[in-house]
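S.K.: Could you have a look at this structure, given as structure tokens, before my questions?
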Ligand SMILES: Nc1ncnc2c1ncn2[C@@H]1O[C@H](COP(=O)(O)OP(=O)(O)OP(=O)(O)O)[C@@H](O)[C@H]1O
Ligand SMILES: O=c1[nH]c(=O)c2[nH+]cn([C@@H]3O[C@H](COP(=O)(O)O)[C@@H](O)[C@H]3O)c2[nH]1
Ligand SMILES: NC(=O)CC[C@H](N)C(=O)O
Ligand SMILES: [Mg+2]
């Protein structure tokens, strides 16, 4: 019997992997294919259902991604999401145009009538929207099943043809009952049984790594962060002594971080690893001198990392494989996960140089989200305090200092960041807030301190709550915590005379500043 499969057709949305993941959470196997995939190929897979993703384009413009119209006549259920919903309406005779009011963020959606898609969903339900265009008129044969004050067509259905579409994104957690809606599509509309189970990820990965590596040598890029720690422990279980972990101190780490990582993973630490710490501060500062453009900075850091790994590999001799703790969000934001646009080149994906002197890069966590990586970490017996640490980006403070990077600026942001982290921990907020840090805006402004005029830098404080780091909300930190932090920073950190709190969510901002 064929394995029950739902196919996600990728039109360039940012959340495609989330859609696949929600389907997998229903115990239904799911794969993502580009919209450029031939209809015959899709038909041959005999999917139980097809989901069209969102995407940045406008369906009514020429050259926007489209698909063979026959897909709607196969009798296979189709769910269109955002761009996907607009495409379905556009192709089947509805009208899509620029919306008079664009919707962004959480919006209350009113369900107008019962539908297989909305079983067990409240009549008024908070959904997450992100669109500039809208469906002005549904296609003939479709019934409008939900709306919002600014969006007359928030969801439609054609029961007979098993076609469904939502302007909002059910796959993101901000859509309160989105999981239910996707489960409704998968079970009620596609008629899936939900008998597929994800095999034990850890076990399968260890087996696959052993097969690939054989008796070769492996270098693991270890930052001490969650992802590479999980990758390193996984690798060490798989190939033992054939593994060497290399930790690079590029001078863009948080205060005292180099020593802390060494204490855990080094010779006196808890793991029996071949561990090398490379102090590469000077060469990174030299390469970054005077560079302001964020993507240029990311690429320089990405390349320099690799050059350091290559040099270390040469010293060890005969190293074929480089392991990185890359996870899915790194891939999608770098714009290489399918049809999505480049938001920022993560140093370990889009920031990699063209030529890398290893036979192969192994990335065992590449398809997982952060919370899934954490689950794998726990399964591997890594202690809670390591598994639940907040993430820290590979390019480090290099992308938290807007504009050019200097050793003085690094010190400012390190000191401010240490104060912010200390105050957050003291207030007992470190478990609730998923990522928090200080950044150095490149802005200088006038202040007055001790009756003297100052013309100094502004620090921005950031704290966000999120589960998957694909979307995030600015955390509501009590004012007294922000106040205490502010006065400590301006008093204790030289050349800072102003502190701001970033209230923006993601989107429209991102978590990091560059
Ligand atoms: N300072 C570093 N030294 C060596 N490798 C690094 C360093 N920083 C990042 N890397 C490599 O780049 C990968 C991606 O970095 P990233 O910050 O996303 O992951 P992480 O540090 O492992 O986990 P976390 O997201 O929790 O910080 C890491 O998994 C690691 O392989
Ligand atoms: O290893 C990394 N290399 C990078 O180049 C990078 N850029 C962002 N991040 C982390 O990814 C998450 C999402 O960040 P953004 O909202 O800023 O894209 C957040 O957790 C960021 O800290 C990175 N991690
Ligand atoms: N998120 C999306 O899929 C956006 C679809 C389309 N570009 C719009 O703005 O309406
Ligand atoms: Mg990190």
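Yeah, the Cβs are placed from backbone N, Cα and C, and that goes for glycine too.
Quick paste of what TrEMBL says about this protein:
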type     : residues                          : note
ACT_SITE : 82                                : active site, nucleophile
ACT_SITE : 169                               : active site
ACT_SITE : 171                               : active site
DOMAIN   : 196-389                           : domain 'GMPS ATP-PPase'
BINDING  : 223, 224, 225, 226, 227, 228, 229 : ATP binding site
S.K.: Mind giving me a neighbour count for residue 82 (active site, nucleophile)? Other Cβ atoms within 10 Å of its Cβ, every protein chain shown.
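M.R.: So the number of other Cβ atoms within 10 Å of residue 82 (active site, nucleophile) is 26.
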S.K.: Beyond 223, 224, 225, 226, 227, 228, 229, what residues of that chain have CB atoms within 8 A of the centre of the ATP site's CB atoms?
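M.R.: Along the chain, the qualifying residues are 222, 230, 231, 232, 325.
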S.K.: Fewest other C-beta atoms within 10 angstroms of its own C-beta: which of the recorded positions 171, 227 fits that?
M.R.: 227
S.K.: Of 169, 171, 224, 225, 227, 228, which recorded positions come within 10 Å of residue 82 (active site, nucleophile), going by C-alpha to C-alpha distance?
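M.R.: Checking Cα-Cα distances against residue 82 (active site, nucleophile), the recorded positions within 10 Å turn out to be 169.
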S.K.: In whole Å, how far is residue 169 (active site) from residue 224 (ATP binding site) when you measure between their Cα atoms?
M.R.: 34
S.K.: Which residues of the same chain, at least 6 positions away in sequence, have a Cβ lying under 8 Å from the Cβ of residue 228 (ATP binding site)?
M.R.: 220, 221, 222, 324, 325
S.K.: Quick check: in three-state DSSP terms, what is residue 224 (ATP binding site)?
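M.R.: Looking at the DSSP assignment, residue 224 (ATP binding site) belongs to neither helix nor strand, so coil.
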S.K.: From the recorded positions listed here (82, 169, 224, 226, 227, 229), select those whose CB sits under 6 A from an atom of ligand 4.
M.R.: none
S.K.: If I take every residue in the domain 'GMPS ATP-PPase' (196-389) and average their pLDDT values, what number comes out?
M.R.: 90
S.K.: Those recorded positions, 82, 171, 223, 224: which ones have a Cβ sitting under 6 Å from ligand 1?
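M.R.: Within range of ligand 1: 223.
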S.K.: DSSP three-state call for residue 169 (active site): helix, strand or coil?
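M.R.: For residue 169 (active site) - judged by DSSP and reduced to three states - the answer is coil.
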S.K.: Going along the chain, which residues six or more apart from residue 225 (ATP binding site) have their CB under 8 A from its CB?
M.R.: 325, 389, 391, 392
S.K.: Have a look around residue 169 (active site) and count the other CB atoms within 10 A of its CB, chains all included.
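M.R.: By my count, 24.
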S.K.: Please list the recorded positions from 82, 169, 223 whose Cβ falls under 6 Å of any atom in ligand 3.
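M.R.: Listed by sequence, the hits are 82.
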S.K.: Give me the non-local Cβ neighbours of residue 226 (ATP binding site): same chain, 6+ apart in sequence, Cβ-Cβ under 8 Å, ordered along the sequence.
M.R.: 325, 370, 373, 374, 377, 386, 387, 388, 389, 391
